């Protein structure tokens with residue numbers, strides 16, 4: 001599974017500890033590439049293998065990952081990449097080494113650019129604009145030839161009464 005996240009939702013639902021930047025990125029970023037999760041997108045798996053070493057990532061790859069795969073929570077990109085590799089990337093070691101895993105993730109982000117796909121469908125995530133699930137799913141399915149799973153989270157800023165608005169959080 002390839003998972004992209006919408007940083008403004010990620011930051012908005014964090015009640016106890018705010019995100020690292022006051023204004024989160026306004027484009028979808030990589031949350032992870034999870035080779036072990038192909039059968040159930042809702043259940044993450046843990047694998048074990050070689051440990052992450054930042055030195056294994058060429059400087060150019062590190063620079064593109066800072067844009068495509070930043071840690072929007074704490075701002076510690078390297079620690080985020082390490083966690084994703086150790087938890088998920090190691091599941092791919094029979095096929096992809098650490099460098100190839102991050103290169104593949106970046107290539108998928110470029111070729112499955114959710115921000116661009118939605119903009120082309122005149123959908124730009126905004127706190128006061130709402131869409132139906134199918135409005136978001138359809139252009140992604142058309143562009144990627146895959147049916148995405150959209151993960152949403154309730155808006156904590158809403159008062160307690162009535163149905164909560166769901167905020168788009170991730171596209172799988």
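Backbone N, Cα and C define each Cβ position, glycine as well.
Residues or ranges marked as active site in TrEMBL: 31 (among others).
Cβ neighbours within 10 Å of residue 84 (active site), excluding its own Cβ and spanning all shown chains: 23. Look at TrEMBL and you will find 84 (among others) tagged as active site.
Sequence annotations record features per position, and here TrEMBL assigns active site to 88 (among others).
Within the same chain, residues 1-6, 9-10, 12-13, 15, 28, 31, 41, 114, 125, 127, 130, 136, 140 sit at least 6 positions outside the region 'Disordered' (153-172) and bring their C-beta atoms closer than 8 Å to a C-beta of that stretch. According to TrEMBL, the region 'Disordered' annotation covers 153-172.
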Under the DSSP assignment, what numbers of helix, strand and coil residues are found in the region 'Disordered' (153-172)?
0 helix, 8 strand, 12 coil
Counting every protein chain shown, other Cβ atoms within 10 Å of the Cβ of residue 31 (active site) number 23
I'd like the number of other C-beta atoms within 10 A of the C-beta of residue 88 (active site), please.
23
Between the Cα atoms of residue 88 (active site) and residue 31 (active site), find the distance and write it as a whole number of Å.
11
